[in-house]
Structure formats: structure tokens, C-alpha cells
């Protein structure tokens, strides 16, 4: 993987989780050699950016994008449609209840679903690659 | 209002901020600590810090003020501020964290491998940051003016000084502590008085707020009109006037104004008898009532369009706010970034249950604020108005402290990110000392502009920053993260056309250049057309320049989307725990 920031600008180099935890290789982006790839051929395909490796990455991106679009569709359907519904002659109390309180649990529930779904996608991907 | 309590509360908040900031100064030893809190901030603390930073003057004061003046249609503001985090979560949160970008400019450069794209992004970060800082400082000025009668620039100066000091001294680590503290302070400061106010309202026979008809004053009320207004009357109105109405001078004279439009000069005092119907402000070409006015105006196409304009701006604009993006850098990994955002949604949503209550109570007990043009002060004056006495003073002081926490936290987050970009891309050399210089610059500009610029309701002014962000950084982030064929020319054209046109449209509306009717509505609420314009420009120009796709794109996209255990940023046992 190419170093994303030129080394002459140490200020923006990638501070890794490992280095932030006092890893001796402070500030160095770990290269492929550091990874435990002995037993996982699919994993080395990804590391070495082969066509097969890109196919794996694309499949993960597709499943994550599907989860994101599902969440956005739910948001559009449940919240985005409210201006149209509330434009109909509705009692003012309904506007207060819907916008003042009702929307927040709905938004949180969509977010909760998405987080679980995205983490499951990542777990499935890990299982597929490391099998 | 009793000044002593309020001044004591504001002083306590300022001191606590400085003290916690000083604590951070002792902790942050390395450069990495200084900028990114070494990325060790846990989701709970980080989520409170993100929420504390996000809940600005617009949330603490502005929403209640808008609801008081224009009714429940204004509840779309807090809904949009919250739902923006959901959109951010599903499209951007984890990949943005995994990109390793500290600012949006870093993201632009890493993704597009282009220094020019980076500089353009920096321009937008600084611009949006200043647009957002301006109302924070003006809100602080208004608050201190209401509390102590100090000139309106004093509050802004105070906030600017404290923020510059804390940010320059402690960097990100101290801000994380300060802002987590300020979230809980803000929530308490709104929640406790709200309980007392609701109890008093219930004891008062639970009068209903009416938004479909002009408000009726419950008691003898004297209104001092701060800025010249035009009022519209449906029926004759008897008031006691000291000052000038329709260019006729009066000195404590009781007059009956005929139905129609009247011109009330700044500084005029109007005394209303109990039971009077409060006149409503009338808009004119040179005196627009504010950006959000069409939202509440009749049930026609304008209102629906304006509502969707607000929804698009806030839902899609949150991800591009400079102080929001920076915060994701402090999560240890992508999964933590997602979980943090989930906690943020809970914290922010809980907070937003409260401001509408103040708006509704304000409509009942202090409707005349709509006429004086200081509706943003509704939250601050309600305890004195409803409870009075010692309880009113103490709760009013608590609210004043909370309001200052709001100005300080949002302003420090914005200052931090604007200063970060100024240090990297504007000032000649890098390092912590230059960062401190940049901090000064980041607050001085909006402070200076705030003195000369005209006042607009804070929630409206913040909405402007959202619209520009939604039309510029939203397309850049979404296409940058999910689309392989994005090119530097495409991204730059989209930033310029989408963000630039949104900015130009709203600025022109503000300056009174927009013609009446649909043109005005379209320009005041640009997101409906400027967001698609930004996306379309990025896609079309990118497709037209296929040779310019950055060579590192596949590798970078893999890093954005793969769990850290594959890219080596995190020890794998951390992730699979």
C-alpha cells in the first residue's frame, strides 16, 4: 500500500492504533510483512492487491453499501415523508408529537440496525477470507 | 434578571472550561496527543464530547426562539441536526476513520492524490468553519447583553478569548474532556429548569400555546423595539407609545392604530394592556423576517419546498462540518467510530426533546420577544417570567451557564479544525507554535465580521453553513468513499459548482438581492438543487476525465472499507475481541 502522506510532512503521517498504544514501531505504517498471513491465502490476495483481492474488497463494499442504502431508504420513508403527511390538514398536536419526540427513537432504531448489520458484514467477510 | 447569579454562573462555566483545559495541557505531551488525543478516546467519552461540541448556540437558544416565533414547523431543525448523524453514520463514519484523515482536506488529498484538490477543500473548511463560528459569537454577545446589559460585542470577545486560550494551550485532548463535560452541563442546564417551568405551567392551569393565531398577551407588557420593524394589524390596536410610529412622535400617549401596516422606529416603547393581541411583524423587501420564514408560511408549495430544503441541508450537511469530521479521527478504529456515532444519536436526540418545550412555553408567557427581534433570548428569560423570585434567578443563571457552555464547546471545536487547516495549508511552516498563531486567526476573523454583520436568528445562520456543507463536502465524501471513478478535476468542479452556488445563493438572499416569490424561496433554500448539482458535476466531469483516476484508488478504497485487522492498523485481537 502506498504511503498516503509524503514523509516530509511528519505532522500528518498515519498515526496507527498500534503506535498510539506504545508499539515500538511508532509512526510507521505497518507493511504487509507484519501481518500473520501464513495460513490465509485469500488474505494475501488482498494484501498483494491482485485481481482476486479486489474482488473480495468489492464484495465487502457492495454488502456495506446495500446496508447503508437500506438504512437511508428507511429514513426517507419514515422521516422524509413526514412533510407531505403533515401538509395534510392535521391536528397541531400530531405535528408536535411526530417532530418533537417520535422521530428520535425511529432514527436511533435505524442506526442501531445499521451498526449491527455493518459489523455482521465485516464478520462474515473475515470468516470468508480466513477460512 | 438578577445579574449577580447569572454572572457567577457564566464565570463558573468559563473557569471550569479553562481549568479542564489546563489539565489537558499537562496531559498532552506529544504532538500526537496534541492533535488527535492519541486516538485512545473511548466511545462513551468521545460520544459525549462529539455531542457537546455539536450542540451549539443554535440548539441551546435558537430552536426555542424559532419555535416561539414561527411554530412547530421549526421542529425540523432539531430533527435535521439529529438525522444528519444517521446519514453520516451509514455513509461515512467508519471509512472516514479508516482513511486516517485528520481534516477534510487530508481526506481530499489522500483520496484524490492532488495538492490542488486539498487546497480547495481547505478553502471550504475555513469558509464553513467561519460561517458557523459567526453565530456562536453573536449568540454569546446577545446572551451577555440580556444578562448584564453589556455591549453586544463583549460576549463574543469573551468566548473568543477563552476558546483561543484553551485550544492553543491544550489541543484536542483537553477539548475532549472539556466537551464531554459541557454536554452533561448543557443537558442539565436545560432539563432542571424545564421541570420547574413545566410544574409552574401545570399549576397555572396548563394554558395551551397557540400558533395558528396571533399571540395574546396575558398581562400588561411593555415592549421596547430594538430594531425598526413593520407590523401588520388585522384589527385596530390600542397601545401606549413612547417613540415614533409611522414617523409621528409620541410621548407616553395612548393611540389606536388602524388595521394595516405600521412602521415602528427603533427604540420605540409600546405598552400593551392585558388581553391585547400581539401584532405580528410584516416582511418587506429590505426587511426579510429571516431565512426560515417560508417554512412556517401557509400551506403552499413554498412551505413544502423550504421544508425539503432544510431537510436536505441538515441531513446531508452534518457530515461535512469541519468540527464533526475531525472528531472521528479520535476513535481507535472504524468499528468504534460507528458505535460512537450510535451513542451520539442517543445523546443528541435526548437533548433535542427539551428546546421545543421552551419554545412553546415562550409562546405562552413571552410572545412579545417575537416583536423585539430577540426571540433567541426566550430560553434565558422564561424562568424569571414564569417563576420569578429566587428560583427564577437561580434557574435563569443555570440556563445562562449552559448557553455559555454551548458557545464555548462549539466554538472550540470549530476553532480547532479551522486552525488545523490554517496551520497546514495557509501558514508557511508547521508545528505547535504556528498552530497557536492559527488559532488566533481562526477566531479573530469571525469576531471582526460579527461586529459589522447584521444579526440573524442563530439557527438560521447555522443553517447556511449546513447548506454549503451539504452541497460541497457531502458529494466529495460520498463519492470519494463509494465510487472508484472519482477524479481530481471532477471533485474540484463539484466542490466549486455545488458549494459555490449554494453559498452565492444564500449570500444574495441575505443581502436582499433575491426577487420576491419563487426565486426568493429557491435562493433562500438552495440545498434542493445545489446538492444534486454538486453530485452531478462530480460524476459527469469525472466520467469525462477517466485518465485522471488516481492510481492509488483501489488500494485506498480497500483501506477505507476493510476492517483494520486486514490493513494492519489495529492488532487483530483488538478487533475480534
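In case you wondered, yes, glycine gets a Cβ from its N, Cα and C as well.
These come from TrEMBL:
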TRANSMEM  B:6-25  transmembrane segment
TRANSMEM  B:45-69  transmembrane segment
TRANSMEM  B:75-96  transmembrane segment
TRANSMEM  B:153-171  transmembrane segment
TRANSMEM  B:183-202  transmembrane segment
TRANSMEM  B:305-329  transmembrane segment
TRANSMEM  B:341-361  transmembrane segment
TRANSMEM  B:397-423  transmembrane segment
TRANSMEM  B:435-456  transmembrane segment
TRANSMEM  B:462-483  transmembrane segment
TRANSMEM  B:490-511  transmembrane segment
TRANSMEM  B:523-544  transmembrane segment
> Taking pairs 6 or more apart in sequence, does the count of Cβ pairs under 8 Å between the transmembrane segment (B:305-329) and the transmembrane segment (B:397-423) hit 3 or more?
Replying inline: yes
> If we call contact 3 or more Cβ pairs under 8 Å (sequence gap 6 or more), are the transmembrane segment (B:45-69) and the transmembrane segment (B:341-361) touching?
Replying inline: yes
> Are the transmembrane segment (B:183-202) and the transmembrane segment (B:397-423) close enough that 3 or more Cβ pairs fall under 8 Å, when only pairs 6 or more apart in sequence count?
Replying inline: yes
> Are there three or more C-beta pairs under 8 angstroms joining the transmembrane segment (B:523-544) and the transmembrane segment (B:75-96), sequence spacing 6 or more?
Replying inline: no
>> I need to check the long-range neighbours of the transmembrane segment (B:523-544): which residues 6 or more away from its ends have a CB within less than 8 Å of a CB in the stretch?
In response: 291, 294, 305-306, 308-310, 312-313, 316-317, 466-467, 470-472, 474-476, 478-479, 483, 485-487, 489-491, 493-495, 497-499, 501-502, 505-506, 508-509, 514
>> Do any residues, 6 or more residues outside the transmembrane segment (B:341-361), come within under 8 Å Cβ-to-Cβ of it, and if so which ones?
In response: 43-44, 47-48, 50-51, 54-55, 59-60, 63-68, 72, 74-75, 78-79, 81-82, 85-86, 88-89, 93, 183, 186-187, 190-191, 194, 197-198, 201, 209, 378-379, 382, 386
